[in-house]
Amino acid sequence: MNKPLLSELIIDIGNTSIAFASFKDNKINLFVKMKTNLMLRHDEVFSFFKENFDFNVNQVFISSVVPILNGIFENVIFSFFKIKPLFISFDLNYDLTFNPYKSGKFLLGSDVFANLVAAIENYSFENVLVVDLGTACTIFAVSRQDGILGGLINSGPLINFNSLLDNAYLLKKFSISTPSNLLERTTSGSVNSGLFYQYKYLIEGVYRDIKKMYKKEFNLIIAGGNANLLLPLIEIEFIFNIHLTVEGIRILGNSIVF
C-alpha cells in the first residue's frame, strides 16, 4: 500500500520542546512534540520520525532557535524523506502581503518572526500584539501598514518558577496552577498568584500602552505551550492559537524568494 501524500511537514525547534505539524488541505492533521535535548542523536530522531510520520512529504520547513541541532535534523530528514529541508529566518526575502521590515531589517528570532507573519497573514487585523508564553515570554507588535514595530522579551513562567524554587531554601517543588484569587493565604497559592498575575499585568499593561503610544486599536493574539494557565486571568479580548508559530513557519517557507 502506498503511503498517503501529505505535502508539508513543519518543525519548530525551540529551547524546551520541538513541535512537528503536518498540513493537508491547508489544515493541520498531525501535531506532536518531543523534548529538546542538546545531546540528541541521529538514531533517536530517526526513530521518532519512524514512529510518528508514516507518510510522504514534498517539503519540510524548519524554524530553529537551537542551531546545534540543525545538522542532525537536516540529515535525518534527508535520510527519511529524501529531501532537503528549508530553514526559515528573518533575513531571507519573502513574498508576503505586507512588508515586515518597512523600516529596515533587524535581528529577530525565527519563531518570533513566524508568529508576527502569521498574525497578519492569517487574520484580517491591521495591528496586532502577539504574546508567546514559552521558555521565554515574547510580546511583539506588528502592523499591516508599518511592519514589525518591536517588542519585549522576558523569561517565561516555568523559568521564573524553577528559578524561585532553586533559590528559595524553604520552597519545595509543587504543581503550578491558575490562582483562584489575587491574594492567596498559603505559600504555594501565593507563588502561583505571583507567578501568573505578573504576566497578566505585563500583557494587559503593554496592550494598553501601545494603544496610547500609536493611537490605534490593536488585536491581541496569545500563543505558547505555557499560556493555558494564564488565559482565565486575561481581561482583554484575545485569540488563543497554539499553532500560530507553525502556521507562520509554513507561510514563510512557501513565500521564500530564491
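Think of each number as a place in line: the chain as shown, counted from 1.
Cβ coordinates are placed from backbone N, Cα and C, and glycine is handled just like the others.
Among the candidates Thr135, Thr138, the residue that Swiss-Prot names alongside Asp12, Ile13, Gly14, Asn15, Thr16, Ser17, Ile18, Ala19 for the ATP site is Thr135. When the alpha carbons of Tyr94 (substrate binding site) and Thr16 (ATP binding site) are compared, the span between them is 28 angstrom. For the binding-site residues Gly109, Val112, Thr187, a Cα to Cα distance of within 10 angstroms from Asp12 (ATP binding site) holds for none.
In the three-state DSSP reading, Gly109 (substrate binding site) counts as coil.
Nearest Cα neighbour of Ser110 (substrate binding site) among the listed binding-site residues (Gly14, Thr16, Ile18, Asp132, Thr135): Gly14.
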